[in-house]
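Student: Just lifted these from Swiss-Prot, have a look:
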BINDING   Met75, Cys76, His77, Met114, Glu115  substrate binding site
ACT_SITE  Asp129  active site
Amino acid sequence: MNQLTHFNEQGRAKMVDVSDKSVSTRTAVAKSSIKVNEVIHDQIINHKNKKGDVLGVAQVAGIMAAKNTSQIIPMCHPLNLSGIDISFEWDISDGYEIFITCTVKTTGQTGVEMEALTGASATALTIYDMTKAVDKGMIIGPTYLEHKSGGKNGDFNR
């Protein structure tokens, strides 16, 4: 499948018609990360950030973003998502980096890759927003699709 599906015969943007696609369970896992300094790391793990629980707020922001993906990505279908999970893992072997995993699931006619990517991205952006007073030099990314399952194109694993 090397054809772009979001364009009509005139080369204009369109939202793909999925009404003929079969309903199936679809899952997507996206990942992102943010590199922070030691002060931010210590604030987060000790719950000492002045704006509150950084990871708790970021987790809720990521869930909200995944739920609202069709409002910010023009050709995404509004979906009834059956589950969203966002988890965090620290790597302090070479600095301070938070790895973000966003898993999204639905039963429907189109996939949830964009919802997972949007959720992971918004989570990282929220961590940045809540800690930028300490250091604006944080680095976000890479952000990428790790896995998807369901649908006619089958599974994808990075």
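Glycine residues also receive a Cβ, built from the backbone N, Cα and C atoms like all the rest.
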Student: Report the same-chain neighbours of His77 (substrate binding site): residues 6+ apart in sequence with Cβ closer than 8 Å to its Cβ, ordered by sequence.
Tutor: Met15, Val16, Val18, Ser70, Thr110
Student: Sort out for me which one of Met75, Met114 has the most neighbouring CB atoms within 10 A, since those are the binding-site residues we care about.
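Tutor: Buried the deepest by this measure is Met114.
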Student: State the Cα to Cα distance, in Å, between Cys76 (substrate binding site) and Asp129 (active site), rounded to an integer.
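Tutor: Just about 26 Å between their Cα atoms.
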Student: Between Asp129 (active site) and Glu115 (substrate binding site), what is the CA-CA distance rounded to a whole number of Å?
Tutor: 21
Student: Give the maximum pairwise CA distance in Å, whole number, for the residues Met75, Cys76, His77, Met114, Glu115 listed as binding substrate.
Tutor: 12
Student: Translate the DSSP assignment of His77 (substrate binding site) into the three-state scheme.
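Tutor: Its secondary structure by DSSP: coil.
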